[in-house]
Amino acid sequence: MLIPSRASGFHLPSSEITPKDVYEGRRDLLRLMAGGAAGAALASWAGRSALAQTLPPRPGKQAPLQAARSAVPGAVSLEKPTSYLDATSYNNFYEFGTDKADPARNAHTLKTSPWTVEVEGLVRKPGKYGLDDLLKLGAQEERIYRLRCVEGWSMVIPWVGYSLAELIRRVEPQGSAKYVEFVTLADKATMPYVGSRVLDWPYTEGLRLDEAMHPLTLLAFGMYGEMLPPQNGAPVRLVVPWKYGFKSAKSIVKIRFVEKEPSTAWNKAARQEYGFYSNVNPEVDHPRWSQATERRIGEDGLFAKKRKTLMFNGYEAQVGQLYTGMDLKKFY
Ligand code: MTE
């Protein structure tokens, strides 16, 4: 449970959180930056050094949001987490631009307070939740998930949040509710690309109700022990680790329970390329490229090997049964 603290507003008694060394890379960099040596540290970033040097030193110290390690099966990867700097400077958040560096440059305009998430549609208990109430609805946990983007790169991130199922149970879906639609903020005043023709705004996503109820589906408020930075989808986003990253909607303002499969932003933009299911499946190529391998962000460089992409992004044991009997080439 969340306990208010003087310093941050939120503090959780942490029993077992990510060990300090996980964040070491980030701290070293901050130290170098403080000493004016950021350029040297970033030089090793081959292709991205130019980008990193144009960024503000870091998104700003976010309020700490600690949590106990999750006990949900499969929720904690033993892989080395991606560095904080990589995870916060190589992003997709089209409301702030289409270049990977744009969200870190532009998303500081996102206004995350006050923030309300409206739960509506086929539920017995619809309602509006202020962020503080939403934060307290479930026990915050740390989960180290892989996020695999449809573009062929991946990261490993210690997220903080709780299973979306906790919220869903509370609002009591009606029998007719079969899908959950996620609607994200579309505010022209603070999001420079909303209004552009890149996507049909607002960015929306959807899950089948049983996918949304799966314990691995995370409503995330933080990462690396802190509140989410704007470019990663502050103040609340979804993380669905067995699906391509675009399913993980950022800056959510509405959660709607519906009977029919909702259309999604990427499905509307390119139906042949982005189906509703979007499960990570190395056997189904994207029409324009293979999905068999991936590049782990932070492992780039001339000799960096690509990794083999795993079925359901490595979460097959946990989620495979959701798709029993389905032709996953048809339902891509
Ligand atoms: N959510 C919104 N609102 N807008 C977006 O453009 N991009 C998606 C997803 N969520 C996106 C979004 C895509 S394509 C990916 S790969 C992930 O966010 C990237 O998350 P990250 O930048 O935190 O790694």
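Glycine residues also receive a Cβ, built from the backbone N, Cα and C atoms like all the rest.
Annotation source TrEMBL lists Mo-molybdopterin binding site at Asn91, Tyr94, Glu95, Cys149, Thr184, Asn232, Arg237, Ser248, Ala249, Lys250. Residues within less than 8 Å, Cβ to Cβ, of Ala249 (Mo-molybdopterin binding site) and separated from it by at least 6 positions along the same chain comprise Phe182, Thr184, Tyr203, Thr204, Glu205, Gly233, Arg237, Leu238.
According to TrEMBL, the feature domain 'Oxidoreductase molybdopterin-binding' maps to 111-266.
For the binding site of Mo-molybdopterin, formed by Asn91, Tyr94, Glu95, Cys149, Thr184, Asn232, Arg237, Ser248, Ala249, Lys250 according to the record, the largest Cα to Cα distance is 19 Å, rounded to a whole number.
Long-range C-beta contacts of Glu95 (Mo-molybdopterin binding site), restricted to its own chain and to partners at least six residues apart, with a cutoff below 8 Å, comprise Thr184, Leu185, Ala186, Met191, Pro192, Tyr193, Val194, Trp201, Tyr203, Ser251.
Residues near Asn91 (Mo-molybdopterin binding site) in space but far in sequence (CB under 8 A, at least 6 apart, same chain), listed by position: Lys100, Asp102, Pro103, Ala104, Gln231, Asn232.
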